[in-house]
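Student: Just lifted these from TrEMBL, have a look:
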TRANSMEM  25-47  transmembrane segment
TRANSMEM  74-96  transmembrane segment
TRANSMEM  102-121  transmembrane segment
TRANSMEM  128-147  transmembrane segment
TRANSMEM  167-188  transmembrane segment
TRANSMEM  195-213  transmembrane segment
TRANSMEM  233-252  transmembrane segment
TRANSMEM  264-284  transmembrane segment
TRANSMEM  296-316  transmembrane segment
Amino acid sequence: VGDLSPQVPSSVISNSWQERFRQNYSFYVGLGLAILSSFLIGGSVILKKKGLQRLVASGATRAVDGGYGYLKDAMWWAGFLTMAAGEVANFGAYAFAPATVVTPLGALSILISAILSSYFLGESLNLLGKLGCVICVAGSTVMVIHAPEEEKITTIVEMAAKMKDTGYIVFAVLLLVSCLILIFVIAPRYGQRNILIYIVICSVIGAFSVTAVKGLGITIKNFFQGLPVVRHPLPYILSLVLALSLSTQVNFLNKALDIFNTSLVFPIYYVFFTSMVVTSSIVLFKEWHSMSAVDIVGTLSGFVTIILGVFTLHAFKDLDISRTGLPHMHKNPTPPPAPEPSIVRLKDKNVLVDNLELSSAPSPEKKPEVFIIHS
């Protein structure tokens, strides 16, 4: 019977080998790419900050004042290319591992940037700042875990239909109007005093850039599949949106890094960026229909946790609080030993007599007391 069985084609063997590799090792490949992305993105912030510091030391116009001298600095470009490589690795990680694993691992870049900034930039967080970072990471992780899976879209026509929905159009218009108000009204007045202004602008614009990247990824996939995507106007619109959003993000992120502490900028930016991307994905793909009550409560709880973490990170950044300055936790601390009383022996008569004479003699500094009696 075995001799009569048909010969298995080599393509089937190849497909089974690829399938076995995908089942056994794709998770670890995605995990490695996600960790590599965290290291690259966390290190890129340090390189950008070093480039901006060199720009200030040279006496050129700072980024916060409208200067673009950092475009001539090799250190800044090294940071920019490192961040681009980190985003490419992150994009590849989503292709191998589930999003519920990849996205929380992006929080490692916060810890990496905080550690590297303390070594290379001389910046440090107090105890409450470190606690705020941990709270932000925990809140982002809870929010991502309870977020529903994205709807699978295979063609650019389906993507265009999703973006034409009334709910997403209203959401996009609200984001755009809010961003314009922040850029032209609030940022010139309060941007250099409040760290949240520039970061919120970058996060809101980031929601558009992520949507554009998803659409262009589908376009490239359809192009290699032989579908007529060149005639569709959506890829050109998404390319324009991506170019504008990336340039705006780079501009305002440089302004935030130029003024504020790197260990404060990057955690807050990660939290707001992740929140905006998850919210935009839920609105675009209408994922709330598939969310259970547990997921809704978990998403809201994660968002509230993020707000508390950002508040802790930002509100107490100027306080000098460390672990060594915490009060003792003992209920009954051991009292210090009492000093031994000096004992004068009776045989030391001369010392005893001298002490009695000194105690009875009036002090020269003490003025005589005068009593006046009125009859």
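Placement of Cβ uses the backbone N, Cα and C atoms for every residue, glycine included.
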Student: Residue list, the transmembrane segment (264-284) vs rest of chain: Cβ under 8 Å, 6 or more residues beyond ends.
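Tutor: For the transmembrane segment (264-284), the far contacts come to 42, 45, 103, 106-107, 109-110, 113-114, 125, 129, 132-133, 136, 139-140, 143-144, 147-148, 150, 162-163, 165, 167-168, 171, 175, 195-196, 199-200, 202-204, 206-207, 210-211, 253, 256-257, 299, 303, 306, 309-310, 313-314, 317.
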Student: Under an 8 Å Cβ to Cβ limit, what residues of the same chain, 6 or more beyond the ends of the transmembrane segment (167-188), are close to it?
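Tutor: Here the qualifying positions are 197-198, 200-201, 204-205, 207-208, 252, 280, 283-284, 286.
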Student: Please report, as numbers and ranges, the same-chain residues at least 6 past the borders of the transmembrane segment (195-213) whose CB is under 8 Å from any CB of it.
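Tutor: Residues 91, 163, 172, 175, 178-179, 182-183, 186-187, 238-239, 241-242, 245-246, 248-249, 252-253, 255-256, 259-260, 264-265, 268-269, 272-273, 275-277, 279-281, 284, 314 contact the transmembrane segment (195-213) from elsewhere in the chain.
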Student: Six or more residues out from either end of the transmembrane segment (74-96), which same-chain residues have a Cβ under 8 Å from its Cβ atoms?
Tutor: 26-27, 29-31, 33-34, 36-41, 43-52, 54-55, 102, 105-106, 109, 213, 217, 250
